[in-house]
Structure formats: structure tokens, C-alpha cells
Amino acid sequence: MEKVTVLGAGSWGTALAMVLSNNNNDCLLWSHREDQAQEINDHHTNKKYLPNTSLPINLKATSHFEQAIQHASIIVIAVPTKAIREVCHDMKPFLMEKKLFVHVSKGIEPDSLKRISEMLEEELPANFVDAIVVLSGPSHAEEVVLQHPTTVTVASEKMEAAVKMQDLFMNNYFRVYTNDDVVGVEIGAALKNVIALAAGIVDGLGYGDNAKAALITRGLAEITRLGISLGADASTFSGLTGMGDLIVTCTSVHSRNWRAGNMLGKGATLQTVLDEMGMVVEGVRTTKAAYQLAKKQQVDMPITEALHSVLFEGTHPKEAVDILMHRTKKHELDDYKSF
Ligand SMILES: NC(=O)c1ccc[n+]([C@@H]2O[C@H](COP(=O)([O-])OP(=O)(O)OC[C@H]3O[C@@H](n4cnc5c(N)ncnc54)[C@H](O)[C@@H]3O)[C@@H](O)[C@H]2O)c1
Ligand SMILES: O=P(O)(O)OC[C@H](O)CO
């Protein structure tokens, strides 16, 4: 039994805290909202994020940040990308010993163009960091809490830490693989949300399965190109955190990114969509970051560019699809020659 703290009591933090509690760990879930921590402790529910779910009795919650940090030497960070720096910054005064940090967020920071593990490295004092691990893969919280079979990957530059987290999370419904390609895992995790937004848009426009298959396949090609330019291993993108997560996010009604795209495709404005979702839609901010990163790396990312023009430049989704369809004709494998 390990002591573990999960920071962030949204859908994913709560689902992972359930996995850890089911595995008989002493898991403390931190929420920045006192009423939510109280609901979890008193009623074993988290109705806003996981309606109809009974949480394990051995799962405890707190809104006391210092208590949460001091509870464990394993800290799972499950807040949206936008909140990563703030949470790490707030942690600093309470770090008294080396800890193992696992992050499960899927995004890239606009402007700095940093991946999550790079943000953690910048924000957390190195003398208190035992290791940084990323956990990612095709995994909707809604299915994990039903204990439906799910597979994910843990990646770290320190393989023994990845193996330790594999053992901590793994059980009969949650299968965990290891990988040492942190860049590939984080780039796949973040960029699949961009493609999922686009997949939702084409569904919203009523274009159907051919268009979606095209987006997933050509989306994977541009994600792979970007990843390789940043030093990732090409084969990571055909794994769980690449193709696997693209499939689940582009095809599931559980996906907030797909749902947001779907509303956009049906004519809603971005602001209306974000107001109605009430949960994080990582792909919006990551589209901005991916667009900037593609320019910086001089990598051709036409789908990302098209989505950027829809989200931030007022292009109508139908027009963006037309632009993609009228790109210069080419050999299908041209892109792969530079891999
Ligand atoms: N939901 C899933 O199925 C799933 C699966 C895999 C990965 N993820 C990733 O996990 C991350 C979190 O997603 P989620 O689904 O749990 O989001 P969510 O919207 O369901 O919950 C986010 C939680 O973070 C809290 N939060 C927001 N800003 C905060 C701040 N500044 N300080 C502290 N807490 C703050 C919110 O109150 C909420 O409890 C995202 O990067 C997402 O891509 C989600
Ligand atoms: O609901 P989404 O779109 O944030 O996707 C959730 C997970 O990342 C799927 O693996």
C-alpha cells in the first residue's frame, strides 16, 4: 500500500483516485473547492464531474493544500494544462522531501510552447523531484469508473519510476504499459485533442465517416511529423498515446473535444461552446500552441492550421474543409520521406 495524493478532483483526477483506491492505496484527493471535498467525504460522490458514480469508501478528499502535499511522496497532478504552473508554484513552500510527480494532463502551453513535463521541470525545485512520469492513453474517465477495460502508457526519463507507476496503477481493468519516449507521449496526448475538435466539426457539418477517417489518418501524419522534429520516436505515434488516443477521442461522445467541435460544426460560436461545456476543452488552447510550434519547427500541419483559422480567425468550418480538400495534389507517402 502506498500513500498517494491526486491534485484536481475533476473527471480524470477522480477516476484515477478511484483506480488507486481500488488498488488499496491510501489515496487523498485534493479539490480547490471545499464543498466538493466535503461531498466526496460525506456522500462518496462527485456529481458535477462523474454523475451516477459511487466513489470507494477508502477514498478521502481534502481542500487543504498543505495537507494534500504532505500526505504522500507520490503526487498525481490532474488539473488542466492552464493550471499546471499555478499548482506547482503553490506547492513549493510545502515540499520537504523528494517526491515522484505523475502528470496526466494533455496540452501544450501557448507562447512558451512547453510540454507539461517541461513546465514541471521549470516550476518544481529540482532537489525535491525524484522523477517526473507522464500517464496517458485512450482513457475516458466515464468508462474507467465503470471498470471497463482500459489501457494507458506511463513514460519517464527514469524508467524505474515508470515501472513503479505501472505497478501502482495496474489492475484487472486498468492495464499500464511503459515507454521512455516522454516527448512522443506528451506530443501525442496534446495534439490528439486538436484533431478531435476537427473530427467533431466534420461530424457537426454532417460529413460522416470518410471525412473522419481522413482526419484521423492525416492528423496522425502531421502529429508524427511535429513529434519527430522535436526528437520523438516515430513508433510512439502508432501506439496507445498516438493512434490509440486519436481513435478514442475522435469517435467517442464522451470526448469534450469532439463534443465541442461538434457544436462548432453545427454553427455555435466558440464562446457559447466553452460556456456550455463547463469542463476543460484542452484542444482549443493547444491548437494555438500547436500552430505556433509548427511554424517554429517549420513543419507542415494543414489540419492544425485549418482549425486555427476556424477557432481564431473567423473562417467558416465548411470553407476550412474546402481549403484542405484543394491543397496541392501529392503522393500519399511524401510526408513519410522526411520521417
Ligand atoms: N476526463 C478524462 O477522461 C481525461 C482522460 C485523460 C486525460 N485527461 C486530462 O486530464 C486533465 C484534467 O482533465 P479533467 O477531465 O479532469 O478536467 P475537468 O474539467 O473534468 O476537471 C478539472 C478540475 O481541475 C480543477 N481546476 C481547474 N483550475 C484549477 C486551478 N487553477 N487549481 C486547482 N484546480 C483547478 C477544476 O475545478 C476541476 O476539478 C486534462 O488535461 C485532460 O486532458 C482527462
Ligand atoms: O474528453 P476529452 O476530449 O478531453 O478526452 C479525454 C481523454 O483524453 C481521452 O483519452
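Glycine is treated like the rest: Cβ placed from N, Cα and C.
What TrEMBL records for this protein:
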DOMAIN    3-161  domain 'Glycerol-3-phosphate dehydrogenase NAD-dependent N-terminal'
BINDING   G8, A9, G10, S11, W12, G13, A141, R256  NAD(+) binding site
BINDING   S11, W12, H32, R33, Y49, K106, A141, R256, V280, E282  NADPH binding site
BINDING   K106, R256, N257  substrate binding site
BINDING   K106, G137, S139, K192, D245, S255, R256, N257  sn-glycerol 3-phosphate binding site
DOMAIN    181-321  domain 'Glycerol-3-phosphate dehydrogenase NAD-dependent C-terminal'
ACT_SITE  K192  active site, proton acceptor
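For the binding-site residues shown (A9, A141), fewest C-beta neighbours within 10 angstroms: A141.
Neighbours of V280 (NADPH binding site) among the binding-site residues A141, R256, N257, defined as a Cα within 10 Å of its Cα, are R256, N257.
H32 (NADPH binding site) has G8 nearby among the binding-site residues G8, G137, S139, S255, N257, counting only those with a Cα within 10 angstroms of its own Cα. Across the range of the domain 'Glycerol-3-phosphate dehydrogenase NAD-dependent C-terminal' (181-321), the DSSP-based residue counts are 112 helix, 0 strand, 29 coil.
Comparing the Cα of A141 (NAD(+) binding site) with the Cα of every entry in Y49, K106, K192, N257, these being the binding-site residues, the smallest distance points to Y49. For the domain 'Glycerol-3-phosphate dehydrogenase NAD-dependent C-terminal' (181-321), the predicted model reports an average pLDDT of 97. Listed binding-site residues: S11, S139, S255, N257; maximum Cβ neighbour count within 10 Å falls on N257. Checked against ligand 2, the binding-site residues W12, K106, D245, S255, R256 give K106, D245, S255, R256 in sequence order as having a Cβ less than 6 Å away from one of its atoms. Other than K106, R256, N257, the residues of this chain whose Cβ falls within 8 Å of the Cβ centroid of the substrate site are, in sequence order, N193, A196, T249, S255, V280, V281, E282, G283.
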